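All remarks here apply to the structure that follows.
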Amino acid sequence: MSIFKRQWFVLISAVSAALSVVLFPLEVFSASPNSGGGGVQQMNILQAIVLGFVQGMTEFLPISSTAHLKVVPVALGWGDPGVAFTAIIQLGSIAAVLWYFWGDLTRIIKGATRAIALKDYADYDLRLSLGIVLGTIPIVFFGLLIKTFIPDYDSSPIRSLGAIAVASIVMSLLLGVGEKLGKRERDFEHLTMQDGLLMGLAQALTLIPGVSRSGSTLTSGLFMGLQRETAARFSFLLGIPAITLAGLVELKDLLAEGIADGAALPLIMGVISAAIFSYLAIAGLLSFLKTQSTWVFIWYRLVFGVAILGAISAGILQNS
């Protein structure tokens, strides 16, 4: 396939996918869930599996899981599944990233521990682990600020579909600039603690729904001159503490409120579905970025955001 034909194929594929997500609800799934206790919406097993698929495929692709978990169920006529359900199935994504990177994590931890014992502060594994720690601080800091000073953040206008659409469009443009200007010279062995801190600052932007954690960190990595696969791989490692902490906090709050009768099995199936598809998304993206650019995601995010705004303007979706 020529470069020209491949570019058009990527563009058409991205446009078709984005439009289908926003504008073509599947009526076969259209039964709306009823409100359940503990902040979790009652849903059947099929709905939970589908939302687990959405969570898994979008958590690690640079297209925003928060945006899709809000848009897809609304477009399918199910209503908002609730913040609690979203947080619970995120545990599946946590399990997947730990599963995929278990070898890397154990090597880094053992290497860093050994370096500390030997006082070898120039050790690569120690520097990498410190970079991950430094990169986690910004999102924890700003997350605590939001939780403290904006207690109703989950229902604030910044989480509306319109705001999510704008964030998706802006991030698509930034990723496009990063793709164009990034030198892509540095590989995984040349990461620094500064990379961790800078990528961590970008990760903090994901507190704004629609930005995408993997999207913002991948974009920052390209601007810093990292190879695409290196930026994505470090993004996943950097996201482990942040995703884990967020999931555990929401899980604690949910358990304190209690889970409605009949909600446990769909939740479990949603977590399993999210774990399976998260693993596939991680493996697929890393393999894809070895030889391909991020333009398919750039076009997808752009059309996705524009389609949401168009659907809101046409009255197909409510800006809530």
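Start at 1 and count along the chain as shown; that gives each residue its number.
From the backbone N, Cα and C atoms, a Cβ is placed for every residue, glycine too.
The annotation transmembrane segment is assigned in Swiss-Prot to 9-29, 82-102, 130-150, 161-181, 191-211, 236-256, 265-285, 296-316 on the grounds of sequence analysis.
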Range from 130-150, 161-181, 191-211, 296-316 with most C-beta pairs under 8 A to the transmembrane segment (236-256): 130-150
Proximity verdict for the transmembrane segment (161-181) and the transmembrane segment (191-211), three or more C-beta pairs under 8 Å: yes
The transmembrane segment (130-150) touching the transmembrane segment (265-285) per 3+ Cβ pairs under 8 Å rule: no
Same-chain residues at least 6 beyond the ends of the transmembrane segment (82-102) whose Cβ lies under 8 Å from its Cβ atoms: 38-41, 43, 48, 51-52, 55-56, 59-60, 65-66, 69, 154, 236-237, 239-240, 243-244, 246-247, 249-251, 253-254, 257, 267, 270-276, 278-279, 282-283
